[in-house]
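Report on the following structure.
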Amino acid sequence: MATCLAVLLLLLHHGLSLPQLSPLLYAEEDVEVVYLKRMVFTAASSNEEPLSSDYYDDDDSQLHYKFTAFGRSVSLRLRPNKNLVAPNFKIYKHMDVNRMEPLLLPAKNCHYLQHKEGIVAALSDCRHPNSLHGFVLLDNSTLEIQPIVTEALTSTESGALHIVRRVPVPHAGAVPELLLPDSLDNLKMIEAETEDRSTRTTKRTTLELALFFDAAGYQLFMPYFGGDDAKLRDMLLAYMNGVQALYHHPSLGQSIDLTLVRLNLMSHQPRDLPHHDGERGKLLDSFCDYSARNNPGSDSNPDHWDMGLYVSGLDFFAYENGRKSGVTMGLATVGGVCQDKYACVIAELGTTNVFGKPYPSAGFTSVYILAHEIGHNLGMHHDSSQNNCPKDGYIMSPSRGTNGETVWSTCSADVIRKLSWATCLNDVPTKTQPEMDHEARFQDEPGQRWGAKRQCEVLLRDKDATLLNPDKLQEICQNLKCNTPHRSGFYFAGPALEGTTCGKNKWCQGGECMPVKKKKPPVKVVPGGWSEWKLGSCSSGCITKSRSFQQRHRTCDNPKPVNTEEGCEGSSFDVVLCKVDKICKKQISVVDFAGQSCANFSKLLPELDPKGSGLQAPHENSRLWMGCAIFCRRKDTGSYYTPRLDLNDLGVNPYFPDGTWCHNDGTSNYYCLQHHCLPENFWLGKSLPHLFGSEDVPLPQNAPPHLVPLSGDLLRYLSLGTDGLPLLTTLKPGSTSPPAEEEWTDHDYVELPSH
């Protein structure tokens, strides 16, 4: 589940905004652009009633924002979330498998909350004072807010343009009020030790947390932060601030404060914390033991935590009915909080499946996943499991795709109402001390504005990625599709961002391609321009009858485009044939090359025969990739199959090298260029996106919930018979389809052992 993006985590502190990432992962409902002007008031000058001092100092400055989006006026009164970290908050880095050291990383107080007047908001301005990232939870929708960052943004400006994306709350119908039994079966022992269970204390409920970010996650995200631990820390604080907002939502009934007392960054996995490659049951047991061993014993100790969080870049899995399932994205023990052995949860962040395709936890959905697992540990079951709430539409739904489910059900709220047995939640840390150094600033460089091409680059983490069918720009406002010359097929990126160019003097507004209207402040437009081509060296696959080839690249920075997609039409990547003698000491046949490749592929794909031969398919004008794809003999059928989709995101090339001979039409030779069999003198150039846009499998290459066999039609479409001829040359509409939302259903909790 990578990120790409991944990830909420790139989003808040590294110049990658949530609206720029979220449409790459799930469908947009509605988007608007608003101008947010920053207004600062001190408590003394404000007529507003000060928020609870359990969260804020009374003399803290408030940030006020007023805007109108989707016909509704929204007024925000934000205060710093000083409860996000405890005054004794400590950060440790695991330097190797046996050693960890404290990190002296002063934290800037740039995370804000509001939880009054029916509005819950979690916003951060760490990158720039006028640049808000986060979300606002209203009574019937969630507003995701991210800045449109421009290079012209300076500290002297009083405001900036922001993208506001609306995510409606699903309407699951009337939910009957459900009163759970006074005692849960799995909590009888705890309740027997609790004298007063009848009423909730008026004291605020505080959940003290320790977050352990594992080596897999560290290695996944650190390249995006340039090796800067401070940026990684602040991304994780923003992540937790988002979870905090969910536990302040009015639908929960009573707010729960989340306070971090410890953060461990694992550049190396500790020797005494085996991860079992992500097998969720063993990993949860391993982490629970580790958390209990390292947690100070007494709840009166300020370094003690009520719950340990293991946030991981691993792809969790479980064995269900003898089969390995990767649907799971977390695991927790129901009602385990306040018991050291069971007060622990695990959750994914930014992971991908075994083929490198992103899961729902790669993006903003990861906030809900962690909130969901914490809910289990607080005593919540899935909605519809041991309760009468609908199974869909709420945070504790048994399935977690990428749409909706942003509020709590009445069943979840009832569990919180009866949480008096969890006495460890009654102690409240003292207020954050001044020496936390709130003036420290991040070192992020100014962000860039993201057009349609850049949205595709973020999705695929590929500078050569571009939008599919650039001649149909008017369609991207409803569905932006991306591809790259380095992978087969296409990827859904969701509707293009608000303001993305969709034609001359047109841009995307609310999912439609609309004429550009003058806006205030004025939008600067600078058409881009290509640099000169940079040629690579001449290379060869050293296959009989092949030609040498060289790659070349160019960049759209002469000048860089600003607020437009114009000026850099065509591809940034190209391959041309070249003539250089004596590159190859010897050549091999195309069949031998295919056989060697298939032997390697079989190590990744067990359905391929490691001893079987490989083939080059005959050229087809309607499927230009056929003559350049490597076909391997299958164990099960004896037919020949090209794993061009299976290996798509693993960095393994299922094609013959560029320059491989693939056809002769009677007058000229054809050679493989970017996996397509093309005439010798063919120039790819601007024709490349059009060429790729019409030839590939009509199925998105995003990660499915289960690794299931290909459909019969798709398998035949990618196969040759034993005679070397195609089994199927066309796919009928509807023969392939994305997985249904229900397929993400997961039993992601375990019950407390009976006593």
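All residue numbers here begin at 1 and follow the chain in the order shown.
Glycine is treated like the rest: Cβ placed from N, Cα and C.
Bear in mind that TrEMBL entries carry predicted annotations, made automatically and left uncurated.
Small disclaimer: the values here were computed from a predicted structure and weren't measured.
Neighbour density for Glu373 (active site): within 10 A of its CB lie 27 other CB atoms from the protein chains shown. Positions annotated as active site by TrEMBL: Glu373.
The secondary structure of His382 (Zn(2+) binding site), as reduced to three states from DSSP, is coil rather than helix or strand. What TrEMBL lists as Zn(2+) binding site is His372, His376, His382.
The annotation compositional bias 'Basic and acidic residues' is assigned in TrEMBL to 746-755.
What TrEMBL lists as domain 'Peptidase M12B' is 205-419.
Annotated region 'Disordered' per TrEMBL: 731-755, in sequence order.
The signal peptide annotation in TrEMBL covers 1-17.
Computed over the domain 'Peptidase M12B' (205-419), the whole-number mean pLDDT of the model equals 84. Candidate binding-site residues: His376, His382. Fewest other C-beta atoms within 10 angstroms, His376. Looking at Glu373 (active site) and His382 (Zn(2+) binding site), their Cα atoms lie 10 Å from each other.
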